Amino acid sequence: MPRSLTQTGEPKRRFRWPTGTPQIIALLLVLLVDSLVSPHFYQIILQDGRLFGSPIDILNRAAPVALLAIGMTLVIATGGIDLSVGAVMAIAGATAASMTVAGHSLPVVLLVTLGTGVLAGLWNGILVAILKIQPFVATLILMVAGRGVAQLITSGQIVTFNAPNLAWIGSGSLLFFPTPVIIVVVTLIAFWLFTRKTALGMFIEAVGINIRAAKNAGVSTRLMVMLTYVLSGVCAAIAGIIVAADIRGADANNAGLWLELDAILAVVIGGGSLMGGRFNLLLSVIGALIIQGMNTGILLSGFSPELNQVVKAVVVLCVLIVQSPRFISLIKGMRGHDKT
C-alpha cells in the first residue's frame, strides 16, 4: 500500500528570524527617522585624524550607557538588578578627578578608580548573595548613598583638571573613532570572551533560570551573583572615567544621573528578560544605540529634551507587555488556533 504524502514527506520547518533581527530593524528605523528630520544626518567627515558626523556622535554619546548595559546584562541574567551604577559612575569620576588634581600618575588613577567600582560591586554582591537582601533594595542603598560619597570625595565642589592623558580617554580618538567607542568595543569583546568561551556564561544563565537547580548541580550561586555585581561595578567605573575625562572634571550631583534606567532599558530592548536567564551582550549594546538614536532624533526635531523620558516610558511599557506571560500565552494560543 503506498504511503501517504504526510508519511513520506519531511516535516515542515518553521522559519525563524536570526537572533537580533528585531533590534537591528528597530535601530535602522530610528536612524531612518533621524535622517528624515536632519537632511545631512549621514554626512561623515574626516578631520584631524577623527571622524565627525551624527552617526559618530550617536556612537560616542551612547558609550557610557553601553558600558553600563554590558554590566547590567549580567546582573539581570541572574535575576537581579543594579540601580547603583549611576552613583558608582559619580564615585569613579570624583575619584579620578580628585586623584588627578592631587598629582597622581594616570596608571595609578585608573587602577584606584577601577578599584572603587570593584568595591561598589562587592558591596552590592554581599548584600544580595550573602545577606539575601532583595536586589532592588540592596542596590537602592548605594544609589542613594553613592552620590553622598562622591560629594565627600570632592568636598561638595565641582573638581576640574587639565590632564591631556586622562582627557584623551573621554574626548580623544583612536583609529579614526572616538576613544569611548573603542573602549566599548574592547570591553564588549572581553566580556563576550569571558562569558562565552568559558563556563561562566552558562553558570550565570543557570542561576537566572533556576537558582536552586543550579545550586544542586554544583554551581557556586553566591559567587556567580557576587561576580556579576562586581563586573557591573567595573563597567560603571569605566563609564565614570569616560564622562569625567570628557568634561575634564567631576560633578557628583549630575554624573550618571538616571543612566541606570537607560542601562536597564537597553538590556530589555536587547531582549533580556527581567526574570533572568539567557542574555546577549551585543544586543544590549544595540539597545543603548537605539536609546541614543531616539535621544538624538528628538533633539534634531526641535522638541524639548524632557520628551525623552516620555518616549522611554512608552518603550519600556511596550517591551514589558511583549515580555509578559499573559501576552506570550496569548500569542501561542493564536498560533495554535492558526494551525488547527
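Counting begins at 1 with the first residue displayed.
Backbone N, Cα and C atoms are what each Cβ position is placed from, and that goes for glycine too.
Same-chain neighbours of the transmembrane segment (21-46): 52-56, 176, 269-271, 283, 286-287, 289-290, 293-294, 296-297, 300-301, counting only residues six or more beyond its ends whose CB sits under 8 Å from a CB of the stretch. What TrEMBL lists as transmembrane segment is 21-46 (among others).
Annotated transmembrane segment per TrEMBL: 108-129 (among others), in sequence order. Residues 80, 82, 84, 88, 91-92, 95-96, 99-100, 135, 138-139, 141-142, 146, 166, 221-223, 225-238, 240-241 of the same chain sit 6 or more residues outside the transmembrane segment (108-129) yet have a Cβ under 8 Å from a Cβ within it.
Tertiary proximity for the transmembrane segment (136-154) is limited to same-chain residues at least six positions away from its ends with a CB under 8 Å from its CB atoms, namely 81-84, 86-88, 90-91, 93-95, 97-98, 120, 123-124, 127-128, 250, 252-253, 255, 260. What TrEMBL lists as transmembrane segment is 136-154 (among others).
According to TrEMBL, the transmembrane segment annotation covers 174-194 (among others). Among residues of the same chain six or more beyond the transmembrane segment (174-194), those with a C-beta under 8 A of the stretch's C-beta atoms are 46, 49-51, 56, 59-60, 63-64, 66-67, 70, 74, 168, 200, 231, 235, 238, 242, 246, 281-282, 285.
According to TrEMBL, the transmembrane segment annotation covers 223-245 (among others).
Under the heading transmembrane segment, TrEMBL lists 257-274 (among others). Distant neighbours of the transmembrane segment (257-274): 20, 22-23, 26, 64-66, 68-69, 71-73, 76-77, 81-86, 89, 143, 239, 280, 282-288, 290-291, 312, 315-316, 319-320, 323; these residues of the same chain sit at least 6 beyond its ends, with a Cβ under 8 Å from one of its Cβ atoms.
Look at TrEMBL and you will find 281-304 (among others) tagged as transmembrane segment. Outside the transmembrane segment (281-304), and at least 6 residues removed from its termini, the chain residues within Cβ reach (under 8 Å) are 19-20, 23-24, 26-27, 30-31, 33-34, 37-38, 41, 54, 57-59, 61-62, 65-66, 68-70, 72-73, 184, 188, 191-192, 195, 262-263, 265-272, 311-312, 315.
The annotation transmembrane segment is assigned in TrEMBL to 310-331 (among others).
When Cβ-Cβ distances below 8 Å are used as the criterion, the transmembrane segment (223-245) is approached by residues 63-65, 67-68, 70-72, 74-75, 77-78, 80, 82, 84-86, 88-94, 96-97, 110, 113-114, 116-122, 124-126, 128-130, 166-171, 180, 183, 187, 191, 200, 203-204, 207, 214, 255-256, 259 of the same chain, each at least six residues removed from its ends.
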